[in-house]
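For reference, TrEMBL has these:
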- 29-53: transmembrane segment (TRANSMEM)
- 59-77: transmembrane segment (TRANSMEM)
- 98-117: transmembrane segment (TRANSMEM)
- 123-141: transmembrane segment (TRANSMEM)
- 162-184: transmembrane segment (TRANSMEM)
- 190-209: transmembrane segment (TRANSMEM)
- 308-327: transmembrane segment (TRANSMEM)
- 347-367: transmembrane segment (TRANSMEM)
- 374-392: transmembrane segment (TRANSMEM)
- 412-430: transmembrane segment (TRANSMEM)
Amino acid sequence: MLINRLGIDRGKKFLKETILFGNDPNPELIGILGVYFVQGILGLSRLAVSFFLKDDLALSPSQMGALIGVAAIPWVIKPAFGFLSDGLPIFGYRRRPYLILSGILGVLAWLALATVVENAWQATAAILLGSLSVTISDVIVDSLVVERARRESFTQSGSLQSLTWGISALGGLITAYLGGWLLAHLGTRPVFALTAIFPLIASAMAFLITEEKVKNNNDESQSTPKVKEQIGQLWSAIRQKSILLPTAFIFLWQATPSADSAFFYFTTNELGFEPEFLGRVRLVTSLASILGIWVYQRFLKAISFRLILGWSTVISALLGMTTLILVTHTNRALGIDDHWFSLGDSLILTVMGQIAFLPVLILSARLCPVGIEASLFALLMSIWNMSGLVSQEIGALLTHWLGVTETNFDNLWLLVVITNLSTLLPLPLIKWLPSTDPQSQEVKKTFPPAEVFEHHVTGSLAEPGFIPELVPELIETRD
């Protein structure tokens, strides 16, 4: 009995200290991690969405690119959902009802795709609804993480952020290859129906959340002045030159056009890549993202933002040109199989993409003045998502103007050249970025503390959970 008891105690200690990074394994933590895990698992249908739009609805590359941009809209206005949950309780609660609602919206979106969606307009509505579902759930669990951080030590709050990122990444890794395999064996609509189960799990997690009911109307009425005060502070902060110029540079850098939609059509229609193989590519890029993070943290984090962004942009643009080898079939002349070249190229580009984008996330956090760190960071993430939307829409226009279709790839090489070289256009403005750590500068405006919630992006900018999977995936983002 004593030995068994010691074994149980050691197991509990291992679970808390090693697996949960020092966080107590209580029901609320399980609920929070469950929602983040579901967000990662939803990657199961990303490839299915892409093939559904391409094959079932017969959309052109430019149409798919435009639709992807529309699907990102909820992520652009993400802080608004935070203000809504803070200021408009449902049945006296600010968190649980919104989490349940987000799950219901997700189920409806996936079931619609599995059953009734038959044209582009219906698909746009369903995908937009699904994107809204993930955005709301992300806002709510981010709020819960910040609320827990207030009750815990600084060390524990940092470990909780790492834990939530890790559990979401685990869900993404599990479905990276599985999504392609299921698509190859079941087809698109059965995969959508299977995915509809997971938002229900997120809704069920709401009942594990500990939340006190808003006691009276005074508690609700106090939220409006806080929101107004917060918006005023954000406006004052964003107008500071030290914040405005770096924000403008990164927006321009991220808003350069993307050729992802056209390239997806090329790999499937021209090269004949099957869903199962694209699942392998996605698994490789998921692992490469982790490798890119490790390389940056191990060797590059001490380099100035201006230097690392400048050189990584130039190197990424040059490496991006290697896609021309695949587009022009030069790899075949060199005796390199299309599949192997695509895997290697995707791995290298993803590592460089992470190295290029991680400084953006770090700089975003370092730019935020004391007192409004969380809300300004959330605003910056929304601005980056807006730049991604602009990138997709400009890319869709270029794809259309160059005549790249689902069967005509004659000008795809030109699209690849334009999209890669365009990333260099903002570089003359790179001095808008700080040459040193913004928080080490002498003049740093501060604001009185405000009650705000950090609706963060873990990476993929981590990728919006309801965006079709595109290959190659340079930067995986999650808001």
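Even glycines carry a Cβ here, placed using N, Cα and C.
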- Per the 3+ Cβ pairs under 8 Å rule, pairs at least 6 apart in sequence, do the transmembrane segment (98-117) and the transmembrane segment (123-141) touch? yes
- Message: Which sequence-distant residues neighbour the transmembrane segment (412-430)? Criterion: at least 6 residues beyond either end, Cβ under 8 Å.
- Response: 248-249, 252-253, 256-259, 262-263, 266, 306, 309-310, 313-314, 316-317, 320-321, 323-324, 327-328, 395, 398-399, 402, 404
- For the transmembrane segment (190-209), the distant same-chain contacts (Cβ-Cβ under 8 Å, at least six residues beyond its ends) come to 27-28, 30-32, 34-35, 38-39, 41-42, 44-45, 48, 52, 95-97, 99-100, 102-107, 110-111, 113-115, 133, 137, 144, 179, 182-183
